[in-house]
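Working notes, structure below.
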Amino acid sequence: MALKILTALDHAKTQYYHFKAIIVAGMGLLTDSYDLFCITPVMKLIGRIYYDAIDGKPGATPPAVVSTIVAVSLVGTVIGQLVFGVLGDRAGRRRVYGISLILMIASSFASGFSICRSRSCVLTSLCFFRFVLGIGIGGDYPLSATIMSEFANKRTRGSFIAAVFSMQGFGILASSGVTMAVAAAFDRATKSSSASDEPLHTPEAADLAWRIILMIGAIPAALTFYWRIAMPETARYTALVEQDVIKATNDMGKVLADFDFHNFVEESEALQRPPRATPTYGLFSKQFLQRHGRNLFACATAWFIVDIPYYSNTLFQSHIYQPWFPPAEKVNAFQEAFNVAKFQAIIAIASTIPGYFATVYFIDRAGRRRIQMTGFFFMAVFLFALAAPYDKYWHNHTNGLFIVLYSSTFFFSNFGPNTTTFIVPAELFPARFRTTCHGISGASGKVGAIIGAIGFLWASQQRNKEALKPGWKPGIGMMYALIILGGVCIIGAIHTYIFTPETKMRSLEDNEAGEGQDQDGEEINVRKHFASNSLGAASAVHPFCGRSPLQSCPS
């Protein structure tokens with residue numbers, strides 16, 4: 001019975017509910033990228049408002065403060081991925097899915113509210129609320145990926161999960177569009193004052209503008225709240241973890257049209273599968289390490305590696321857009337924020353979103369492993385192309401070719417490891433460990449993001465103290481930072497080739513077994529499957545200690 005419903009899910013036709021699940025699950029990822037990318041222009045506004053102009057240059061948020069605000073949200077994301085990953089396997093995906101969304105909605109709104117107007121109070125409260133926001137965003141990663149993987153059929157599962165992740169690209173576009181609209185509206189509204197024409201003058205209304213930008217980030221997540229809490233539990237969790245096959249069948253029958261696995265043409269395939277006892281090992285057991293330790297290492301390490309160059313490249317944008325836009329001292333606060341958001345929108349439209357779309361199209365054709373290796377390789381190629389002549393040429397000639405090379409690194413990160421590292425952990429692990437292992441992998445990635453966003457932001461600074469802006473310390477320089485990042489990508493390609501298995505066109509249960517698969521993911525004759533019988537409560541096990549539910553886990 002259990003095998004029949006899982007087989008039916010693997011072969012179900014693509015239908016309306018799959019696309020609805022993409023939108024509902026993707027709103028969390030959209031909120032994630034919205035809040036990540038809107039903070040850059042917001043910090044420009046905060047710097048103008050709360051810091052004094054020096055030597056004819058407008059006030060700017062100190063680098064240490066910017067680094068702290070970025071770091072606290074990433075630390076929150078690490079915690080959220082670990083905590084909600086565990087909760088997703090213990091309490092169920094659906095039960096905790098709404099909680100992560102509530103955290104995102106409340107903290108996005110509170111980030112703009114920020115309770116006070118003094119500099120220290122504003123920055124402290126902003127750090128706190130963005131930390132909570134990071135927890136909510138972190139929780140959304142393993143839940144969204146797992147829910148989509150467990151609802152999807154095996155033919156288009158990769159495309160569906162990639163489509164969920166691609167909502168990040170639209171989040172970047174949304175944050176840029178909202179920032180530009182708010183900045184332009186406030187700029188026009190404050191033009192009546194003669195003082196507002198002076199670039200160094202920042203109207204009091206700017207304190208409202210950045211709050212509005214942050215608070216709007218709560219709207220996309222709030223729009224899908226009802227549909228998220230109304231989603232049924234995934235059939236795989238209900239059947240394999242809760243051991244309630246009848247409920248799983250009824251739930252799928254409510255959301256998937258023509259769901260009748262009794263008349264399913266592949267039913268004979270299920271009947272041929274030999275029975276097998278439900279595994280009894282726990283997460284922290286030797287058996288788990290033997291069966292899934294290599295895959296967990298592959299996923300966590302690849303995610304860690306890719307987030308180092310991805311997040312460091314994001315923060316290098318300030319070095320790149322400066323030659324293309326007027327200096328800060330010649331524009332007012334709203335115009336500066338507008339220009340920063342405009343540049344982010346250009347990069348998103350030219351490279352980031354096309355990279356996501358390419359993955360959606362090719363992921364179930366070329367496979368995860370090939371795309372991940374290709375992405376790492378070309379990221380390295382373009383980073384080395386930027387690094388080699390940077391000090392002698394690119395530093396003073398950030399022309400169109402430079403932008404093309406820079407944009408290409410974003411294209412191949414999204415048509416590559418930035419997307420595949422989100423997909424593969426949702427396909428490799430048993431149902432009772434799936435969100436936990438995805439959370440561990442994602443948390444490893446965000447540790448890499450902290451290294452990239454904070455470490456390389458400071459490391460990329462020039463070695464000449466006289467050329468540094470106030471608040472910065474000498475670093476190794478952009479050229480050497482880019483060379484190191486290119487080397488990191490080469491390591492990522494090698495790691496993928498050695499450790500990452502292929503999961504395309506295979507059921508989640510076949511991927512979990514890890515057998516009957518060649519290097520490119522093609523199925524061969526010998527296949528391992530889960531049992532279709534012995535699914536009573538007595539055979540159920542706790543997902544962490546491996547004991548029967550009639551026994552309590554040791555403290």
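Note: Cβ is positioned from N, Cα and C throughout, glycine not excepted.
Now, the feature entries from TrEMBL:
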DOMAIN    21-504  domain 'Major facilitator superfamily (MFS) profile'
TRANSMEM  21-43  transmembrane segment
TRANSMEM  63-84  transmembrane segment
TRANSMEM  96-115  transmembrane segment
TRANSMEM  121-139  transmembrane segment
TRANSMEM  160-186  transmembrane segment
TRANSMEM  208-227  transmembrane segment
TRANSMEM  295-312  transmembrane segment
TRANSMEM  343-363  transmembrane segment
TRANSMEM  370-390  transmembrane segment
TRANSMEM  402-424  transmembrane segment
TRANSMEM  436-458  transmembrane segment
TRANSMEM  478-499  transmembrane segment
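Note: the stretches the transmembrane segment (436-458) and the transmembrane segment (208-227) are not in contact (fewer than 3 CB pairs below 8 A, sequence gap of 6 or more). Note on the transmembrane segment (63-84): residues 35-36, 39, 43, 96, 99-100, 103, 123, 126-128, 130-143, 315, 435, 438-440, 442-443, 446-447, 449-450, 453-454, 457-458, 471-472 of its chain, located 6 or more positions outside it, place their CB under 8 angstroms from a CB of the stretch. Summarising model confidence by region, the domain 'Major facilitator superfamily (MFS) profile' (21-504) averages a pLDDT of 87. Sequence-distant residue pairs (6 or more apart) of the transmembrane segment (343-363) and the transmembrane segment (295-312) include fewer than 3 whose Cβ atoms are under 8 Å, leaving the two stretches without contact. Cβ atoms under 8 Å from those of the transmembrane segment (96-115) belong to residues 27-28, 31, 35, 80, 84, 87-88, 121-122, 125-126, 129-130, 132-133, 135-137, 139-140, 143, 147, 210-215, 217-218, 221-222, 224-225, 228-229, 231 of the same chain, restricted to positions at least 6 beyond its ends. Cβ atoms under 8 Å from those of the transmembrane segment (21-43) belong to residues 61, 66, 69-70, 73, 100-101, 104, 108, 111, 130, 133, 137, 140-141, 143-144, 147-148, 151, 160, 163-172, 174-176, 178-179, 183, 210, 213-214, 217-218, 220-221, 223-224, 227-228, 231, 314, 317-318, 336-338, 340-341, 344 of the same chain, restricted to positions at least 6 beyond its ends.
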